[in-house]
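The structure appears right after this line, and notes come after that.
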Amino acid sequence: PKPVHGMLKWPYRLHGHLFISPSSARSAEAKAFAYCPYSRFRVGAALLTKDGAIFTGCNVENACNNLGICAERTAIAKVVSAGHREFKAIAIASDLREQFISPCGGCRQFMREFGSSWNVYLSKLDGSHVEMTVRELLPRSFGPDDLGMEKGNSTPSKL
Ligand SMILES: O=c1ccn([C@H]2C[C@H](O)[C@@H](CO)O2)c(=O)[nH]1
Ligand SMILES: [Zn+2]
């Protein structure tokens, strides 16, 4: 495929694949930092906020196996602790060539806390993507509204 130059509007289609730029590229970069000595399965995530900021995350495993955290949750914890709660999309990258990396159930619930109608980009190693909404990945979900909350997106400083 020919390289593409210049500014590309997000998201864009190329060679029949859907790419999100720049967050898809950033998820692949984040994968390089994966701490995964136990599974050797590298995952990177890049989360795009409504105001255009991008935060990355990688999986961080632990000798106490069940304490490991996924790339998606790392990225969400980083972005929320930086004061953002309104998200446009999260892109996920792994080394899988034949399959689109799909978030685990725990991460789907973590995403859903901050709304159901934002996008998740499941990618293959070649950068091609499938676009899904949080709602499609986690239908009929339990969320903040079920506890009488407005939604998880309320501005920081409010509880
Ligand atoms: O969407 C996914 C799927 C798996 N992993 C991590 C968890 C664990 O460290 C390794 C193998 O499951 O990959 C993620 O970070 N995100
Ligand atoms: Zn997960």
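Note that Cβ sites are derived from N, Cα and C of the backbone, with glycine treated the same way.
Features reported for this protein in TrEMBL:
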DOMAIN    18-145  domain 'CMP/dCMP-type deaminase'
BINDING   Cys70, Cys104, Cys107  Zn(2+) binding site
ACT_SITE  Glu72  active site, proton donor
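One residue stands out among the binding-site residues Cys70, Cys104, Cys107 for having the most other Cβ atoms within 10 Å of its Cβ: Cys107. The Cβ of Glu72 (active site, proton donor) lies under 8 Å from the Cβ of Val43, Ala45, Gly57, Ile90, Ile92, Pro103, Cys107, Phe110, Met111, each of these being in the same chain and 6 or more residues away along the sequence. Each residue in Ala71, Glu72, Arg73, Pro103, Gly105, Gly106, Arg108, Phe110 lies on the same chain as Cys70, Cys104, Cys107 and has a C-beta within 8 Å of the C-beta centroid of that Zn(2+) site, without being one of the site residues.
Confidence annotation: the domain 'CMP/dCMP-type deaminase' (18-145) carries a mean pLDDT of 91 in the model.
Taken through DSSP, the domain 'CMP/dCMP-type deaminase' (18-145) splits into 37 helix, 35 strand, 56 coil.
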